[in-house]
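*Asks:* One structure, as structure tokens, below. Some questions next.
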Amino acid sequence: MTNPDHKRWPHIAEREVFAETYGTFDEGRHAAPVDAEGVLKSAVPDSRRIGVMGAVFLILNKMIGTGIFSTPSSIFAATGSVGISLLLWAAGLLHPSLPLEDAFSNAGPAGMLTLSGLSVYLSFGLAIPRSGGEKNYLERIFRQPQFLATSVFAVQMILLGFSAGNSLAFGRYVLLASGRESTDGWAARGIAIACVTFVAVLHSTLPKWGLRLTNALGVFKVLVLLVIVFAGFAALAGHRLVPDPHNFDNIWAIEKGDGYGGGGVYAYATAMLQVIYSYKGWENANYVLGELKNPRRTLSIAAPLAVIGITVLYTLANVAYFAAIPKADIAKSEVIVAGLFFRNVFGESAAARSLPAFVALSNIGNVLAVSFAHSRVNQELAKEGILPYSQFWASNKPFNTPSAAMLLHWIVTVIVLVAPPPGAAYNFLVNLYTYPGAWINACVGGGLIYLQLSKTENWTSPWYTPTLVAVIYVILNVFLALAPFIPPNAAWDASASYPYYVFPLVGMGVLLLGAVYWALWTKVWPRLGGYVVMTERVLDENGVEVSVRYKKVSAQQAAVARGL
């Protein structure tokens, strides 16, 4: 019904349920201007909106970053098998013309997880075309306890949505290209900080040029991957400067050698996390749907096109590595496996030295894409009043860009770069960045199953995800969430610097910290401050929720509202 006291509480147009005690929530609803697709109109000018190719490059730049040039070493070290390593990467015989469900039926484990996740996120993204990604989906799924899911996601995104892994790899590849030792030391971290600082300043002050550079590096990344793929074909034909490593002899053998094999279930779980880290980015466009042209059409074209194309290139790039690098060298190469490949194929020539620089440029392209998307998510969280000092973090001043939210992303990234002691920091950062997402993804997938099967939720989406696909997505993510707690075999030493249980414990700790923040934000602080947190939902003309904001309302105002 219409609120008769609208003048006294102007941001409430209608009310449905009001709080009875401190720490629960009032709910207001009103209409808002939306476009033809039901997307909330934003302040982003049309000239800065992202089309299909821009969305493809936004996804490409996050997917092709550090992972494919760095993680194949640790993945093979964990499995001890060339065939199983390739199986973890492979998505079968995919072709862009294949329907997504046909591609899924041919996929290997990593491809299965990626394609099933893509389908789940398309279902949500096309149904809820708003910037923010998982935040919007979790809010739609988990309405009780109110704001718990939102708080957990917010803390996870702020604290673990960093660009540290890609920035660190950029620093190490710059050192490699210059002929210096490329260990995980303070020199590499200093370059990494310079990298993320440049990206933050560029996106904050010259957003158009930031997107142009992102698109240009997206094309460049594909070219670098194609160079590796065709060089791999040449290596298979015998054109290399090292003896034939015979890695494809008895390809499915599970071996234990110098630096690889013998890790057990734990090793396979961490290997999968490393592969998923390399594939992360297929959901990148979901974070900025509010800045896409024709969001539903753009997302439905750009996401499958980018994911299927990159999957083919990833698999062939791994074949190239095994064609030119002996197993022990792959296992010990850590983050510079692509650099070792270049040297084994091209020698110490200028071309070999320049190719690591090309990989470094690929890394910075990833930092550009991640920083662009995550700063938008940070700003959405601030706009809704979830973060402390939300008004500051939500501001577009002084460049009409989310510069304050970008600053928050920069601060967390620099802290994560500086905090770990020198050592095997890269693998730790990769696993820490990826691990909590397994829990989030499992909740999103499970939520979609519930919404599709429930008769009371009235769920509709232009994209339908078969229940079996969503179930597989949930099962794979639950495995990735639980397996890292299984102790590795005694002979396995994934990282001498960090015990095996550190990254899952830290990841779980961050998720639990989100629950603590929820209790403080919705229970403790309102009771101490004498106010109530209110939910203000913005609806389109069809009654579909297109925006949400959380406001502090005094106890007196709440009492007036309850009496209406």
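Keep in mind that glycine also has a Cβ here, set from the backbone N, Cα and C atoms.
Take a look at what TrEMBL says about it:
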- 75-95: transmembrane segment (TRANSMEM)
- 107-128: transmembrane segment (TRANSMEM)
- 148-174: transmembrane segment (TRANSMEM)
- 186-206: transmembrane segment (TRANSMEM)
- 218-238: transmembrane segment (TRANSMEM)
- 259-279: transmembrane segment (TRANSMEM)
- 299-324: transmembrane segment (TRANSMEM)
- 407-426: transmembrane segment (TRANSMEM)
- 432-451: transmembrane segment (TRANSMEM)
- 463-486: transmembrane segment (TRANSMEM)
- 498-520: transmembrane segment (TRANSMEM)
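In the displayed structure, how are the listed features positioned relative to their neighbours?
*Replies:* Counting same-chain residues at least six beyond the ends of the transmembrane segment (186-206), those with a Cβ under 8 angstroms from any Cβ of the stretch are 163-164, 167-168, 170-172, 174-175, 180, 213, 363-364, 367-368, 371-372, 375, 399, 401-403, 406-407, 409-410, 413-414, 417-418, 422.
Counting only same-chain residues 6+ beyond the ends of the transmembrane segment (259-279), those with a CB under 8 A from a CB of the stretch are 63, 66-68, 71, 74-81, 85, 88-89, 109-110, 113-114, 165, 307, 310-311, 314, 327-328, 330-332, 427, 430-431, 433-435, 437-438, 479-480, 483-484, 486-489, 491-492, 494, 500.
Here the transmembrane segment (432-451) has Cβ contacts under 8 Å with residues 116-117, 120-121, 123-124, 134, 137-138, 140-142, 149, 153, 156, 160, 162, 164-165, 273-274, 276-277, 280, 457, 459, 465, 467, 470-471, 473-474, 477-478, 480-481, 484, 503-504, 506-508, 510-511 of the same chain, all six or more residues outside its ends.
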*Asks:* For the transmembrane segment (218-238), which recorded stretch in the set 148-174, 299-324, 463-486, 498-520 gives the largest number of Cβ pairs separated by under 8 Å?
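*Replies:* By the under-8 Å Cβ criterion, the transmembrane segment (218-238) pairs most with 299-324.
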*Asks:* Suppose I define contact as three or more CB-CB distances under 8 A, residues 6 or more apart in sequence; do the transmembrane segment (148-174) and the transmembrane segment (463-486) meet it?
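*Replies:* No, since the transmembrane segment (148-174) and the transmembrane segment (463-486) share fewer than 3 Cβ pairs closer than 8 Å, they do not count as touching.
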